[in-house]
Structure formats: C-alpha cells, structure tokens
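> Pulled these from Swiss-Prot:
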ACT_SITE  C56  active site, nucleophile
BINDING   T55, C56, N57, R58, S114, E119, T120, Q121, Q125  substrate binding site
BINDING   G194, A195, G196, E197, M198, I199  NADP(+) binding site
SITE      H104  site 'Important for activity'
Amino acid sequence: MQLLTIGINHHTAPVALRERVAFPLEQIKPALVTFKNVFLGPQAPNTPEAAILSTCNRTELYCATDDRAAREGAVRWLSEYHRIPVDELAPHVYALPQSEAVRHAFRVASGLDSMVLGETQILGQMKDAVRTATEAGALGTYLNQLFQRTFAVAKEVRGTTEIGTQSVSMAAAAVRLAQRIFEKVSDQRVLFIGAGEMIELCATHFAAQGPRELVVANRTAERGQRLAERFNGRAMPLADLPTRMHEFDIIVSCTASTLPIIGLGAVERAVKARRHRPIFMVDLAVPRDIEPEVGKLKDVFLYTVDDLGAIVREGNASRQAAVAQAEAIIETRVQNFMQWLDTRSVVPVIRHMHTQADALRRAEVDKAQKLLARGDDPAAVLEALSQALTNKLIHGPTSALNRVNGADRDSLIDLMRGFYQHAPRSNDQSGH
C-alpha cells in the first residue's frame with residue numbers, strides 16, 4: 001500500500017478556484033464512496049483507504065492504495081466531481097507520495113502550512129475529516145495510523161514550541177483592516193453573518209473595540225441569538241439582510257452556503273441608501289458568500305481570506321525560530337512513521353507463512369488422528385507426526401539453500417543462522 005495526498009491550498013490556488021473544489025460537509029461521505037470504489041480500485045489486493053479534508057484554505061484527498069495510477073485517477077476524479085476541466089485544475093494541484101504525504105499531514109495539523117501560522121482550528125478540522133471518513137467506512141490500518149501519529153505530532157509541536165504564540169489571526173487581521181478604513185471602530189455598526197467558529201472569533205475581536213452596535217444574522221435563529229447575547233448584541237433574521245444591509249458599516253460573513261448570499265444588486269442599493277458612505281466587507285467563506293463583483297463598487301471595501309492572508313503573513317515572519325524547531329520535530333517523527341510503514345510490507349509474507357504452516361499442521365494432525373483411530377501405537381504416531389512436520393517445515397529453506405550459489409548462498413546461510421541460532425558454523429570441525 002502506498003500513501004498519497006492530492007490537493008490544492010492557499011499556496012497553490014486563488015480563492016476563486018478553491019471555492020469550486022470545496023466539499024460541503026454533507027457531500028463528503030458519498031464522495032468518499034465513489035472516490036474509493038471507482039478510482040482507487042475496488043479489486044486491488046488491499047482495500048483502498050481515503051479521507052477528504054476541505055476547509056477555507058485547502059481541499060485535500062488522503063489515500064492509501066495499491067493502484068499505481070492513483071495520482072492521475074485522483075486528479076481526474078476531483079476534476080470530474082466538481083466539473084472543472086483537468087487542464088484548468090491540474091496546474092494548481094500538488095501530489096505528495098509516501099514520506100512527503102506524511103510530512104505534509106504532520107505540518108498541516110501542527111499549523112505550519114496554515115495561512116495563520118500555528119493556528120489551532122485546522123487540527124479540529126482534520127479530526128472532523130477523520131471522523132467523517134471513519135463513519136463512511138473509508139479508513140483502514142494505514143490512514144488510521146497516519147492520522148493518529150499526526151495528532152500526536154501536532155500535540156508535541158504545540159506543547160514544546162511557541163509556534164502558536166503571538167499569532168495574528170484572521171479575525172485580528174479583519175479588525176486591523178477595518179481600522180484602516182474607519183478612524184474609530186467604536187463608532188461603527190457591525191453585522192456578522194453566520195454563527196460558526198470563525199464568526200465567533202471575529203465577534204470576539206470586534207467586540208473588544210466596543211462598536212456602536214453588534215448584530216448577528218444566521219440561518220438558524222436560535223444559534224444566532226445565543227451568539228449575539230454573548231457580546232451584548234442583537235440578532236436579526238437572515239431574510240432581512242437585503243432590506244437592512246444599509247444600516248451597517250462593517251459586514252463580516254462566513255457561512256456554509258454553496259452559493260453567494262450577498263449579490264451585487266443588494267449592495268448597490270445599500271450603498272445608495274447610505275448616500276455613498278463606505279461599507280467595509282469581509283468574506284471569510286469558501287465558497288464565497290459575497291459576489292466578487294461587489295469589490296468593484298466605489299464605496300465598498302471588500303476583502304477575502306486571501307486578502308487577509310497578507311496581513312497574517314507579516315506576523316508569521318517573527319516566529320521563524322519556532323518554525324525551525326517544529327520542523328525538526330516533524331522530520332524525526334516522519335522517519336519514525338516510515339519505519340513503521342516499511343514493516344507493513346512484510347505483513348502479507350508473514351500471513352502467508354502462517355497460513356501455509358497451519359495447513360501443513362492440519363494435514364499431519366488429520367493423518368495422525370486416523371492412525372490413532374485405527375489402533376496404531378500412540379508413541380509411534382506422535383513420532384511420525386513430529387518427523388513429518390519437521391521435514392515439511394524445513395523443506396522450503398533447505399531447497400532454497402540448494403538452489404542458490406556464490407554470494408547469494410553465503411547471505412542466505414547467514415540469514416538461516418539467524419533463524420536457527422544453534423546451527424553450527426561452516427568452519428565447525430566437530431563433524432556434526
């Protein structure tokens with residue numbers, strides 16, 4: 001079985017492409033079934049394994065398969081599933097085999113590959129991906145071991161380095177951008193669309209600025225109400241957004257919608273109602289919540305996750321010592337995992353040896369039982385049984401010794417001595 005990771009992320013693809021390759025949560029389980037069975041070979045000697053990690057900044061397919069064409073098949077499947085031409089998608093895709101796939105998983109979970117260096121949200125997202133793959137029956141020995149090691153490495157990196165300290169989060173970056181547009185955030189009305197973890201983080205940072213008003217609009221009213229109450233804000237129905245958008249100076253959106261929920265026309269009407277006072281908008285969703293054409297409006301300042309990434313990277317540069325320490329830990333753990341992976345290659349051989357030896361044992365025991373039932377002497381039957389087992393079990397090794405010559409024979413002799421530690425050496429003059 002070979003490990004392989006196929007994916008795109010914020011390093012290789014813009015948000016305009018990432019949003020087209022993202023998987024809504026409810027699609028991941030059925031997608032895993034088709035990915036495994038159709039493209040990773042259901043007739044392979046070993047059952048293929050797969051997991052899908054889909055976040056704002058990355059979509060990745062983790063695989064364990066015997067299929068030598070898995071790389072091409074995975075890219076083709078991703079292209080066909082999302083109806084994106086292969087020629088358009090392929091230049092942005094990375095394919096990481098074996099140790100590269102292991103190293104990548106360790107770095108992702110540790111926050112080293114994130115837009116926000118050292119952020120912890122990705123670890124939870126990866127655990128969710130593993131849970132979903134497990135529920136779909138898509139994980140097996142190889143990926144289970146990979147992800148368990150991945151979580152252990154992430155814990156070690158975060159516990160022994162300062163990779164997560166003093167990081168500039170996406171939420172903090174959004175506040176910094178707002179401060180460039182408005183002299184005082186405390187004078188502004190802020191609307192949050194959604195009620196997930198990212199919106200909660202943003203609300204925390206903006207609430208610390210003491211805005212004039214804080215409002216939460218969410219598809220599930222109760223959840224939006226609970227979040228608003230935490231920050232002494234108000235909740236409003238999401239359906240009221242088109243008619244009330246003009247009331248807000250700052251709008252931050254991050255929902256799980258597969259289509260934009262804020263269109264160009266609605267924003268144009270809001271700008272007109274505001275008499276062209278500026279609106280600061282942050283779209284943290286992938287796929288995007290706000291139509292990109294909105295950013296072309298004169299009085300609208302629209303930023304996406306990629307835009308905020310530039311501010312985040314400014315804070316990343318100061319923690320390179322922690323990065324080097326984390327990379328060293330990861331490299332050691334990658335080597336450890338690859339050693340485990342190497343041992344897995346002998347498992348089929350060992351299993352076959354056990355099966356063959358057991359078949360020989362059963363055959364001789366059956367023969368002995370028939371002799372005993374016939375009334376033969378038990379001692380003679382046991383002697384014959386033991387002699388037959390001995391002869392059959394050493395037949396393979398002795399035949400191999402007789403077939404090889406030269407250096408191969410010397411190597412095989414040394415190997416056999418390791419198996420049968422009491423075997424006499426070739427220079428033994430005892431005559432035995």
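Cβ coordinates are placed from backbone N, Cα and C, and glycine is handled just like the others.
Since we're looking at a predicted model, the values are computed, not measured.
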> Of all the Cα pairs drawn from T55, C56, N57, R58, S114, E119, T120, Q121, Q125, the residues the record ties to substrate, which distance is largest, in Å?
15
> Closest of the recorded positions to M198 (NADP(+) binding site), Cα to Cα, picking from C56, N57, H104, S114?
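Comparing Cα positions, the candidate nearest M198 (NADP(+) binding site) turns out to be C56.
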> In whole Å, how far does the CA atom of G194 (NADP(+) binding site) lie from that of H104 (site 'Important for activity')?
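H104 (site 'Important for activity') has its Cα 31 Å from the Cα of G194 (NADP(+) binding site).
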> Between G196 (NADP(+) binding site) and T55 (substrate binding site), what is the CA-CA distance rounded to a whole number of Å?
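If we compare the Cα positions of G196 (NADP(+) binding site) and T55 (substrate binding site), the gap is 13 Å.
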> In whole Å, how far does the CA atom of A195 (NADP(+) binding site) lie from that of Q125 (substrate binding site)?
17
> Expressed to the nearest Å, what is the distance separating N57 (substrate binding site) and I199 (NADP(+) binding site) at their Cα atoms?
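Cα of N57 (substrate binding site) to Cα of I199 (NADP(+) binding site) measures 16 Å after rounding.
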> On a C-alpha basis, identify the one among H104, E197, I199 that is nearest to T55 (substrate binding site); the candidates are the recorded positions.
E197
> Between S114, Q125, which of the binding-site residues has its C-beta surrounded by the fewest other C-beta atoms within 10 Å?
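Taking S114, Q125 as the binding-site residues, the minimal 10 Å Cβ count falls on Q125.
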> How many whole Å apart are the CA atoms of T120 (substrate binding site) and the residue listed as 'active site, nucleophile'?
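Cα to Cα, T120 (substrate binding site) and the residue listed as 'active site, nucleophile' are separated by 14 Å.
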